[in-house]
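Student: Heads up, here are the entries from TrEMBL:
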TRANSMEM  43-64  transmembrane segment
TRANSMEM  79-97  transmembrane segment
TRANSMEM  109-130  transmembrane segment
TRANSMEM  142-161  transmembrane segment
TRANSMEM  173-197  transmembrane segment
TRANSMEM  217-237  transmembrane segment
TRANSMEM  249-270  transmembrane segment
TRANSMEM  276-296  transmembrane segment
TRANSMEM  303-322  transmembrane segment
TRANSMEM  334-351  transmembrane segment
Amino acid sequence: MISKKAKKTKSTSIINIANNSLSTYKTNAFKFNLIKNKTINHLFKFVTIIILAVIVGILVLFITDIGFDEINAYINRKLIWVILLSSINLVISTFIVQTLTHNKLADTSVLGIGSINLVLLTIAILFLDISNKNSINTFNTILPFLYIAGSIIASLLIFGLSSKNKFEISKKFILAGILLNFAFSAVSTSVSTVLSSSKSNILSNYSSGLIEFKFDFYIYMAIALTLFSLIWFYSILRKYRIVTTNNIIANQLGINIRSIYWQGIIISAIMTATAFFLVGNVVFLGLVGANIALYLFKKDYKYGVVSSGLIGFIILGLTYFFNKNLIVNSQINTSTVIPLIATPYFLYLILKKN
């Protein structure tokens, strides 16, 4: 016969189990609702960014050239591709670098990964013949591959030097990159003064980041490289997110951390080169676009990666639109306006030691 004390103990145990189960259920329900609300919130932000990008695309598409009354959307459609692809590649490459290094100041243009291509372009212009149509076509075909090789080599050198510190990029490293960027630009500008007018124009356009119509070959190649890079990145995205969030957990799961790091670096280099052969050297666009995306989506890279590229397109597209439509007879290069907008934010990050 069971005593009253035993019955009471048994009842208490049942009640405790029920309370614990209820508490666990409430906790899990709360977590589920939190994740659900977060997902809906991020999806809403993502859709909003897409809508804004479409609006900017329409604005750029219907820009009229000074002196013309008719809208030349047929020609401007190529300009849309140039701005879109260059923005996506430049900002996403910076997004990858920032998440790898956990440094909001890291920027492919600032670190010299993009500006190294100015040196390669200068060397190519000095030694290659572009005096006739065939040689010009050969020169234009070689350039994208030259930039890809240059960006990959520069990335491997920069991150190879910092790999002992788990790919951390110090402020000294960033400041050195800024100095190199200005040095490369100064060298290319100096060299352009002794070149023929055709060679000088090519060099100055890439040096200043001129947004202009490109050959169909460049656009098709940029589309292919962009798709290739995004497919590659999203194929490692789950592991990449774990690695950039917690190396200890990544080790426990058996993830090859260094492999993920180097894959991210190479993807970033390819995208940097793609942006460079489309518009040249555009400083700080990647910095701003990547920072905004990381602020909006945090570690949700599924939305953050593509959103960062679209944010870059919105910034560059709007800047181009206002420059061409609000400033009468504007001779200002759109890409030179971006640093004026972004430099205060860059200085703010340095002062805040972020």
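The backbone N, Cα and C atoms fix where each Cβ goes, glycine too.
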Student: Are the transmembrane segment (217-237) and the transmembrane segment (43-64) close enough that 3 or more Cβ pairs fall under 8 Å, when only pairs 6 or more apart in sequence count?
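Tutor: No, the transmembrane segment (43-64) does not contact the transmembrane segment (217-237).
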Student: Quick one: do the transmembrane segment (303-322) and the transmembrane segment (217-237) reach 3+ CB pairs under 8 Å, ignoring pairs fewer than 6 apart in sequence?
Tutor: yes
Student: Going along the chain, which residues at least six beyond the ends of the transmembrane segment (276-296) come within the CB cut-off of under 8 Å?
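Tutor: Answer is 42, 45, 82-83, 85-87, 89-95, 98-99, 104-105, 107-110, 114-115, 117-118, 143-144, 147, 151, 181, 185, 205-211, 214, 218, 222, 304-305, 307-309, 311-312, 315-316, 335, 338-339, 341-343, 345-346, 349.
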Student: Which stretch, 79-97, 217-237, 249-270, tops the Cβ pairs under 8 Å count with the transmembrane segment (142-161)?
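Tutor: The stretch with the most contacts is 249-270.
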Student: Six or more residues beyond either end and a Cβ under 8 Å away: which residues meet both conditions relative to the transmembrane segment (79-97)?
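Tutor: Those are 57, 60-61, 63, 106-109, 111, 114, 211-214, 219, 222-223, 225-226, 229-230, 233, 264-265, 267-269, 271-272, 274-275, 278-279, 282, 285-287, 289-290, 293-294, 304-306, 308-313, 315-317, 320, in sequence order.
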